[in-house]
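Structure first, commentary second.
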Amino acid sequence: MGELQTHMQLQTDTIHEGVRKENWFAKAMNIKVGIIPLPVYALLFILITVFVMHHDVKSDILTSIAVMAFFGFTFAQIGKSIPIVRSIGGPAILATFIPSAVVYYHLLPNDIVKSTTEFTENSNFLYLFIAGIVVGSILGMKRETLVKAFMKIFIPLIVGSVTAAIVGLAVGTLLGLGFQHTLLYIVIPIMAGGVGEGAIPLSIGYSDIMPISQGEAFALVLPSIMLGSLCAIILAGLLNRIGKKKPEWTGNGKVDRSEEESPALEESQSGQQMFNLSLFASGGILAVSLYLVGMLAHDFFGFPAPVAMLLLAVLIKLFRLVPASIENGAFGVSRFFSTAVTYPLLFAIGVSMTPWDKLVAAFNLSNIITILSVVVTMMAVGFFTGKWLNMYPIETAIINACHSGQGGTGDVAILSAAERLELMPFAQVSTRIGGAITVSLTLLLLHQFY
């Protein structure tokens, strides 16, 4: 009897606890800037201010998380609050390019810039994000969809790239930029796969073949990459808006029309599995391990680490090498990164990897029109080719947009603007494989005919 009374008392206490009135502080905790409760946001502001005043902003993981979360979600929230801007990927644009501008104009404390840059460069933070998103997205797909989508996606990518190159060359030449300049310093760089795997090998190759220094070539190549990426981000945001008005054109992250329900739960024995912390951790370790294998592939064979990781994840999915429970855990990791890490990462990218002066250097009318013609053509061809192949046209257009982005950093920004980070595996194919083919063919042909 005593045990029954105790049990009933506990139930009563629980009910009272559930219906208790919230005080003003608890209510304030429900107001958020991004995912940060307002009181915590205010505390972070005070802490960061104190650290800056004492020149004590460290580049360790704890301080870096606080700094990047504070600024990343601040700029994203501003982007979400501006009516027109939020419709064209405003949160991603502001979280990336405003930090770049404030660094260039020395409006951000140097201690913040230094700590963020050191953490980003030394921690491989970007590739941890890509590993979590790519592996989780692939393991969350249906096997049949995975095969169909990867087989089909090369068609709009190839057709879009060739058509965009032709249109870009025609537009640039007509605007007086010259055939050679348009091809080598505008069209090819846009599709080269970013800075590390595009601009740098291109500029080295140009300097070996033509009478130009590597530094001069790099300075000519980089602005087109930056502006091309910005155009792709804005257009991806517009496509997201169009998709909300024309739902029949989009799979909301699914690529092939044969894909039906949420892929991550296709073989789940229980909806609770995704939230099992042990499985979540297993999925995260799997993603990290696959990326490390990719790094070895790069060291021994020169194969891009993200592509090797992607191929391994595809093989694991195709041959069912891990149980469905761990697949769901990996999918949970990708959801965590897309929800909590995207905007802090974009802030870090803006501070440490996006030179504002190079972006501004491309801002003349002829360059803008030519670059825009390349990106628009690539996305438009992706849209209509995808539709013809019975794929979701908005998704195929967004994947094609990643071929005109800033490499891995551009993929994150473009897919964030489009609100489709689950397309990261296809974006990596578009960026890494498409970029490598573009650079290799360009230098091979240039060597033969220059």
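Glycine is treated like the rest: Cβ placed from N, Cα and C.
Annotated in Swiss-Prot:
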type: REGION; residues: 249-268; note: region 'Disordered'
type: TOPO_DOM; residues: 1-32; note: topological domain 'Cytoplasmic'
type: TOPO_DOM; residues: 54-64; note: topological domain 'Extracellular'
type: TOPO_DOM; residues: 109-118; note: topological domain 'Extracellular'
type: TOPO_DOM; residues: 140-152; note: topological domain 'Cytoplasmic'
type: TOPO_DOM; residues: 174-217; note: topological domain 'Extracellular'
type: TOPO_DOM; residues: 239-273; note: topological domain 'Cytoplasmic'
type: TOPO_DOM; residues: 317-335; note: topological domain 'Cytoplasmic'
type: TOPO_DOM; residues: 357-364; note: topological domain 'Extracellular'
type: TOPO_DOM; residues: 386-428; note: topological domain 'Cytoplasmic'
type: TOPO_DOM; residues: 447-450; note: topological domain 'Extracellular'
type: TRANSMEM; residues: 33-53; note: transmembrane segment
type: TRANSMEM; residues: 65-85; note: transmembrane segment
type: TRANSMEM; residues: 88-108; note: transmembrane segment
type: TRANSMEM; residues: 119-139; note: transmembrane segment
type: TRANSMEM; residues: 153-173; note: transmembrane segment
type: TRANSMEM; residues: 218-238; note: transmembrane segment
type: TRANSMEM; residues: 274-294; note: transmembrane segment
type: TRANSMEM; residues: 296-316; note: transmembrane segment
type: TRANSMEM; residues: 336-356; note: transmembrane segment
type: TRANSMEM; residues: 365-385; note: transmembrane segment
type: TRANSMEM; residues: 429-446; note: transmembrane segment
Beyond the flanks of the topological domain 'Extracellular' (174-217) by 6 or more, those residues with Cβ under 8 Å of it: 161, 164-165, 168, 224-225, 228, 304, 353, 366-367, 369-371, 374-375, 378, 403-410, 431-432, 434-436, 438-439, 442-443, 446-447, 450
Recorded stretches the transmembrane segment (119-139) and the transmembrane segment (274-294) touching, at least 3 CB pairs under 8 Å: yes
For the topological domain 'Extracellular' (357-364), the number of residues DSSP places in helix, strand and coil: 5 helix, 0 strand, 3 coil
Stretch contact, the transmembrane segment (65-85) with the transmembrane segment (153-173), Cβ-Cβ under 8 Å, 3+ pairs: no
Winner by Cβ pairs under 8 Å against the transmembrane segment (88-108), considering only 153-173, 274-294, 336-356, 429-446: 336-356
The transmembrane segment (429-446) and the transmembrane segment (218-238) contact flag, 3+ Cβ pairs under 8 angstroms: no
Contact yes or no, the transmembrane segment (218-238) and the transmembrane segment (296-316), 3+ Cβ pairs under 8 Å, gap 6+: no
Recorded stretch, among 33-53, 153-173, 296-316, 336-356, maximising Cβ pairs under 8 Å relative to the transmembrane segment (365-385): 153-173
Per-state residue totals over the topological domain 'Cytoplasmic' (317-335) - DSSP helix, strand, coil: 14 helix, 0 strand, 5 coil
Residue counts (helix, strand, coil, in that order) that DSSP gives for the topological domain 'Cytoplasmic' (386-428): 33 helix, 1 strand, 9 coil
Helix-strand-coil residue split for the topological domain 'Cytoplasmic' (140-152), DSSP-based: 10 helix, 0 strand, 3 coil
